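*Asks:* One structure is given below, represented as structure tokens, and several questions about it will come after.
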Amino acid sequence: TAIGNCNPFTCDKECKTKGNKRGYCENYNCECSKW
């Protein structure tokens, strides 16, 4: 994901691929959540 731009759908998909529960955008960054 480019700096200053976060796609919530792409972020969620990437996080789930890494074994996380979900992904969300915070301060334009992709954050992964394990719960």
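Residue numbering: from 1, along the chain as shown.
Note: Cβ is positioned from N, Cα and C throughout, glycine not excepted.
Quick caveat, the model's predicted, so the values are computed rather than measured.
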*Asks:* Pick out which of Cys11, Cys15 Swiss-Prot lists as the disulfide partner of Cys30.
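*Replies:* That record, Swiss-Prot, gives the partner as Cys11.
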*Asks:* Based on Cα distances to Cys6 (disulfide bond), point out the closest of the disulfide-bonded residues Cys15, Cys30, Cys32.
*Replies:* Cys30
*Asks:* Cβ-Cβ under 8 Å from Cys32 (disulfide bond), same chain, 6 or more residues apart: which ones?
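*Replies:* Non-local contacts for Cys32 (disulfide bond): Glu14, Cys15, Lys18, Asn20, Arg22, Gly23.
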